[in-house]
Amino acid sequence: MITTVKGKVKRLGKTYIHEHIKLDLSGHKKDPDTNYNDTNEVMLELKELKKKGIDSIVEVTNRGMGRDVLIMVELAERTGLNIIASTGFYKEPFLPQYFYQLSDKELSNMLIKDIEEGMDGTHIKAHVLGEVGTSHNRITDTERRLFYIIGNVHLNTGRPIFTHTTLGTMALEQIQILEERNVDLEKVLIGHMDLNYNMEYHLRVADKGCYLGFDTIGKINYQPDENRIQLIKELVARGHENQIVLSLDLTRKSHLKKYKGIGYSYIVDKFIPLLIESGIKEETISKFLVDNPNRLLNIS
Ligand SMILES: [Zn+2]
């Protein structure tokens, strides 16, 4: 069972695992491009995406990032996509002021309420704990506290945890905190692993049983897609094809086609043909898009 913004479903079909349809990080980033609010353009692109065969997206915008639950419902209705919502907190310095004032218990209860009763004054429920993050090459004390709280909520609700690593760093440290809390690592997705081009590191994370997010595909200013493909090929060769999930993580207006960006259909139009050309079988790609997301997201 998976809770979408329009109710429960049993299967999701082809799924993008880590996306945003609206968010606003411009307060701290001081860059108007990061106020990702062109809902009309997003809707047009998502309609096209659905026509190209994608069925579902996991929306990982949470508290403090400008989550907009009603827009998620509207876009689910107008595009026909399943949209799965999230709750949690992002990372410093994007945590809301109340995170520093309330107790662990109060914050945990807030997230549990988002899952069990509804978010932001609605009856629309979150399904995922994400995206919860850490800083570049370090975890602040407050981020450690965040992971501890998220671990608690996972133990209470069984919900999958989607992390954000900054440029693919601190993945093993994230896993260690969650492991100490007895989190089921088969319900954990380590995000943005594809920004770290280090095969040994990928294997160490994969050996823990987590999912690995190849979820910034097309962001070639950080990492060429050829490197992503090399990592995927090697992980598949080592038997980890059941742990790979795909997404784009579009977060800026300039990522949209209208503003000359790659747009939401990039995986279908460009990346999958490259994977096939590199020798990855279609049934393996289907695991990345269908079987793995469904296994990760489904809770009994
Ligand atoms: Zn992220």
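Any Cβ shown, glycine's included, is placed from N, Cα and C.
Predicted automatically and left uncurated, TrEMBL annotations should be read as such.
In the three-state DSSP scheme, His20 (divalent metal cation 1 binding site) falls into the coil class. The Cβ of His20 (divalent metal cation 1 binding site) has 26 neighbouring Cβ atoms from other residues within 10 Å, across all protein chains displayed. Annotation source TrEMBL lists divalent metal cation 1 binding site at His18, His20, Glu131, Asp249.
Annotated divalent metal cation 2 binding site per TrEMBL: Glu131, His164, His192, in sequence order. When Cβ atoms from all protein chains are considered, those within 10 Å of His164 (divalent metal cation 2 binding site) total 21, not counting its own.
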Cβ atoms near Asp249 (divalent metal cation 1 binding site) (within 10 Å, other residues, all chains): 23
Minimum Cα separation from His164 (divalent metal cation 2 binding site), reported as the residue among binding-site residues His18, His20, Glu131, Asp249 that achieves it: Glu131
Nearest-integer angstrom distance between the alpha carbons (Cα) of Glu131 (divalent metal cation 1 binding site) and His192 (divalent metal cation 2 binding site): 11
Residues within 8 Å of the Glu131, His164, His192 Cβ centre (excluding the divalent metal cation 2 site residues themselves): His18, Val60, Gly130, Val132, Gly133, Phe162, Thr163, Thr165, Thr166, Gly191, Gly213, Asp215, Asp249
